[in-house]
């Protein structure tokens, strides 16, 4: 047993209101740059819907993830390594920009500069790719809130599958459609197929916290990872020619802060915490023959951090005690393993994804209340869960490779929690038969309610900080300043301004602050570089203002 | 003149190529990429790019065979000069034609697809001129040889000895000078191509991911992958 720690996330889909705040703040933090206009490390999809990029879940077409070959061995869906190398000159199945969308801006200038006339000036959409006038025909969330579903709903690969399997019995009637939101980030998988596809070996999993990152200095733009990732969460920066992906906000997580998407989530539906898992057993678990057993196999990898044997193995594997303690308090472990209400997204891709979802009960509740039923009565809810086959089958295709029993069990727990807590809230005698009907005790059901409904910030985000003794190279792995001949703090490289490797942002800020605080003279000179974050209004950094008329700088 | 062209220039080229590559690798790892434009357009790319790349790989193998392996070795192996020459012309000609066709498709695509053209730098354009010239001139030597029939110049008695002599630092300038002009021009343009190589997008060829075949699928890396400098190194500040 080789115990490793994994930072993971759980999202409670019942709480997602589809406001896209996570997407926007993530974009502002990470992909607000040229070359990444179409890149959404975090996106929120309305389901049923095609997702982003369109129909990414159709692996018969996109060839993402792993599959079992004829001998039952785990193999990338794109075939052998040699086959991938032979296809390197033109990726056989890589989404084009049209499968995402053509990013655009508006020609706002005409609004203020158009000459006076009878007609209102119009800001035309301009393509950010060609710079020409463009017609906006698709976007990252074009089918938001089921927009256009009556026309395009059948294009959702899951809808296609559920329909096929129920032999057209299920009509996709618009008025009876259920809906929920699915926020997606990189899954930071235990068995990542992007990493396995990368010819350069530039994608790596951090051994401390399991965050999957792309080494930008080693990526050569072979773009096999884009095909390899079944979630299509690796994006190709078309300016730099490098792959980019969700970083799990590692600079924040290292100092104990939640990711930007979690921090800014309006519904507070995200939970962050640690898993301890057995790294030696991952491949065997991912090779489970029946895809419907993959969820249990994945759950089996997650080790109990209270088990003395696990703790001993974790210590032997170099996991610090405060991390083991954090794993014990992990809300992610509680939701996934203790209460078993969080499920992995598409376990059938065999990547062992580490972003888990509590499936939404709301389609059931909404339908019941809209029909005038008591949507908090256990019997009514249980009956509806069993009767409403479409939502359950749909959710099962997303989270359990089609095994509806697992989804039903989770939904029943959520329903039991609703029913049980109503009695508590109304001051009636709680009914102990309700937790018992889903195999829980009153205490555990109440604890689950606390965690899901009223957990505070530090209960939702249990993030152990990276270790102080490693602080010298906390940031920007591979760019530590401590190396001999590393980039100087302020000197430019020998080949002029901006040559050499870039100074990590945090270090630059730190050094500039320190310099300003410890010198006697006001900081007039920021070494030719103006970083507005460092400029506190004192002094006149060169290049920030035009030269004075009297000749003083 | 000959001494400069065939005795000095090759070494200048090697110095620029090696030093330039080391410099580029140390100072521009981030820029070391294929700069793929497949995201913009993939229909033409999927024809042109494999045609060009596989073509050029065969051409490289042919060049190595023709330049490195002495004529006496192949004859000892029972391959007569005539058979070797016909083979070289046929396979070299096909591979060269594929390469040229491939790059023609790629350049057409680059010019006619708006986003791809937008992403084309001046550096790329200059590189394309040299690259196409080298390929076209190489095909020209082949065509001249085909036209001359059995009287064709045997470059394995002129160019190849010179090429090998370069490595023992005693350039055989005279035998290269005796080669026909088409070989001279092709060699010069080829040297120019290698000299600009480190400064263009062609560097991606130097990091061809052959090691992919041998590495484990899952890569773990520690945050401390970069070892801290020892405490006794001189402070920079």
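Keep in mind that glycine also has a Cβ here, set from the backbone N, Cα and C atoms.
According to TrEMBL, the feature heme b binding site maps to B:53, B:63, B:186, B:204. Marked as domain 'NarG-like' by TrEMBL: B:2-223. What TrEMBL records for B:6-23, B:44-69, B:89-108, B:128-148, B:188-214 is transmembrane segment.
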Binding-site residues among B:63, B:186, B:204 whose Cβ lies under 8 Å from any chain A Cβ: B:204
Cβ neighbour count within 10 Å of residue B:53 (heme b binding site): 18
Other CB atoms within 10 A, centred on residue B:204 (heme b binding site): 18
Which listed residue (B:63, B:186) has most other Cβ within 10 Å, given these are binding-site residues: B:186
In three-state DSSP terms, the structure that residue B:186 (heme b binding site) belongs to: helix
